[in-house]
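Participant: Got a structure for you, questions after.
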Amino acid sequence: MLRRQVRNSPIWTWPTHPGFLRHTMNDNSIPSENLSSKTAGNSAVIMNPINNSAHSVAPQFNAANANGAHPSASSSELLSAFECPVCLDCMLPPYLQCPSGHLVCGSCRPKVTCCPSCRGPVPSIRNLAMERIASTLIFPCRYNGCTQSFAAQEKVEHEEVCEHRPYSCPCPGAACKWQGALPEVMTHLVRNHKSITTLQGEDIVFLATDINLPGAVDWVMMQNCFGYYFMLVLEKQDKAELQTSTANTQMFYAVVQLIGAKNDAESFMYRLELNNRRRRLTFEGTPRSIHEGVSGSINQSDCLCFDTNQAQLFSENGNLGINVTITRLSDAADDGSSVSSGRVCKVDK
């Protein structure tokens, strides 16, 4: 029997199994022998649950950068005053200075106990003149690889969704705080989340065990096809605080994410299907990038959703099998197959 994982536990203890990913402390490479796999085509894996408990560039003048060009040397030198001495990112309003006139950005200010430039008092005097100047500037995105520039507030909003921002660990329920570049995500998963099994092929069966366990639970696995890795997550939420005499407070959400960028995810479609006793529940949609996270799909109901009553219709002995099919849109078009641009959820009896 596989041991279950309690959410927020920093250590994952699992028995040795040929289908589990191996664990080391070095994230420099992905040894191919450590990726467990099965044969393609209706492969199945038993997934045990995991109990649940998430360069410094100077700003630019609007007039000088209307065409998106880089700032001139004189502009960069003049605006170097907006560089935070701690994080080296562009400082954004409001601006607070120490008695000697030194600034620090709003993100770094709570972390310092004195002025990082002169060791005087922590900056606390508002500089309205700098704020007026900042209103005439555009600032580059802080992430390497992104060439866009924005006004101060737009910069903040853009960086929250920028495709070049670091990727967070996509494994739910693990309370993992890891962040890194996209090529490092699989390395991290292989070496630090060795309970996740990987299946090869476009059509697989994801078998989640013990779905009747109480509380919030996650089941996770990986699917490798078309040269990409997809993360499949079945999450059970227990909303006990909303419980009434008639309400069913437990809901299941099945989500497919691409270990990749949003643009790559839009090149695929996936199909999830539950079937048993002449019943069939299906969902078709576009996978999301792991940048968007499982919660984004669940909050928008952009996934396969069903309650515990429906789960019982499709489960056997407390185990629930989900058929997963990944399709690349270009291949479907070449075959003359119909391609749905939306999503469909239906129950056949």
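Using the three backbone atoms N, Cα and C, a Cβ is placed for every residue, glycine included.
Per TrEMBL, the feature domain 'RING-type' maps to 84-119. Residues annotated as domain 'SIAH-type' in TrEMBL: 136-194.
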Participant: Across the domain 'SIAH-type' (136-194), what are the DSSP residue counts per state (helix, strand, coil)?
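Facilitator: When I sort the residues of the domain 'SIAH-type' (136-194) into the three classes, I find 19 helix, 10 strand, 30 coil.
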Participant: What are the DSSP helix/strand/coil residue counts across the domain 'RING-type' (84-119)?
Facilitator: 3 helix, 5 strand, 28 coil
